[in-house]
Amino acid sequence: NSLQTVSGAAQNIPVQSQNLVTDDVSVVEGETATISCRVKNNDDSVIQLLNPNRQTIYFRDVRPLKDSRFQLVNFSDNELRVSLSNVSLSDEGRYVCQLYTDPPQEAYAEITVLVPPGNPIIESQEEVVNEGNETEMTCIAMGSKPASTIRWMKGDKELQGKTDVQRTYDKMYTVTSRLTFTVTREDDGVPVICIVDHPAVKDFQAQKYLEVQYKPEVKIVVEFPEGLTREGENLELTCQAKGKPQPQQINWVKVDDDVPSHAVIMGSDLLIENLNKSYNGTYRCVASNSVGESYDDYILYVYDALTTTPIPTTTTTTTTATFTTTIPDTTQDTAPSADPASHDSRAGEGAPRTVDHAVIGGVVAVVVFAMLCLLIILGRYFARHKGTYFTHEAKGADDAADADTAIINAEGGHNNSDEKKEYYI
């Protein structure tokens, strides 16, 4: 029966043979291995340690073998413990603990020498990769015992490579792992790490930073105006473009039309003054580098210019002509300002509506003033016609009296005042 235990870099497996016990040892090349021969119930029997060639290393506490790398660590009736420093591959093998009894007893301690790989070597198929292309990276761990295991990390993500193991000489191994993947612009500057796992070493790795070229990223920013674009205003656009390599050429075009002749293009900026609706359309910024070209679009829609309503003034003109011309003029001025944002109905959210109390007060004053003027005109009209009516009534009475007088004269020529008085009564 055997029981395996792990302690530090050494791997110890207890081996039991009757009353004699020892351990298997794993040791890194160049370090120190310790072999322990232990007796459970010793009856003063002699303990000795033999090398794989069965040469005596220690007999009790005496070292017959002339190899100063072996040193006595502990000797008693129940244990013989010996150390071996600066272990090499030639020291690997089966060592014998022997107890002189009748019959003799033996237990075997296997020394395994671990050889760490050399520094891992990481190589890439190409130093600079364009986005969207596939690249291959290789990691090599040479001269290890046992064979190493290689893992890949790209940033914080683990990737799977293809591993090839070759045995070179004297139980030594070279391991090669190849990693293939497609790069994106987000991979630029990201480290690709080759991690070598081996029982003789920890955190053994090499890394290489990716350099990825990609076509420009383009974005149009409106510098002016902040709100809606209206007739008569200016428009300023800036084209922001970044890529690897940095874009060297930035062009402004108008889709399906020509850029207005008086538009000013200064590098990445486009300026159009005194907008009008003929400038409506899609303006495109195109940026390019050695990888390719990209663009961003800005759709221009020019809205009507904002109209301002003049504040009416109240006058004290008393002529009828002035009153009759003021009333229709006031109505014509105030009608367009009833909905100042009506031309912005296609703006989605719409333009903010504002109420000018001074304008409202002016309109009310004009209406009141017009009504007063109308009342005055009507009053004069009725007064004039009432005077005419009384004049005609009086004239009718005189004409009737003249007619009666003529009749009387025709009948008898009477013309005394008493008869006239009686007639009128």
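Note that Cβ sites are derived from N, Cα and C of the backbone, with glycine treated the same way.
Listed features, source TrEMBL:
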type	residues	note
DOMAIN	14-112	domain 'Ig-like'
DOMAIN	116-211	domain 'Ig-like'
DOMAIN	216-301	domain 'Ig-like'
REGION	324-351	region 'Disordered'
COMPBIAS	324-336	compositional bias 'Low complexity'
TRANSMEM	358-378	transmembrane segment
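Confidence for the domain 'Ig-like' (216-301), expressed as mean pLDDT, is 94. Using DSSP to sort the residues of the domain 'Ig-like' (116-211) gives these counts of helix, strand and coil: 3 helix, 60 strand, 33 coil.
Residue counts for the domain 'Ig-like' (216-301) under DSSP, split into helix (H, G, I), strand (E, B) and coil, are 3 helix, 50 strand, 33 coil. Sorting the domain 'Ig-like' (14-112) by DSSP state (H, G, I as helix; E, B as strand; all else coil) yields 3 helix, 56 strand, 40 coil.
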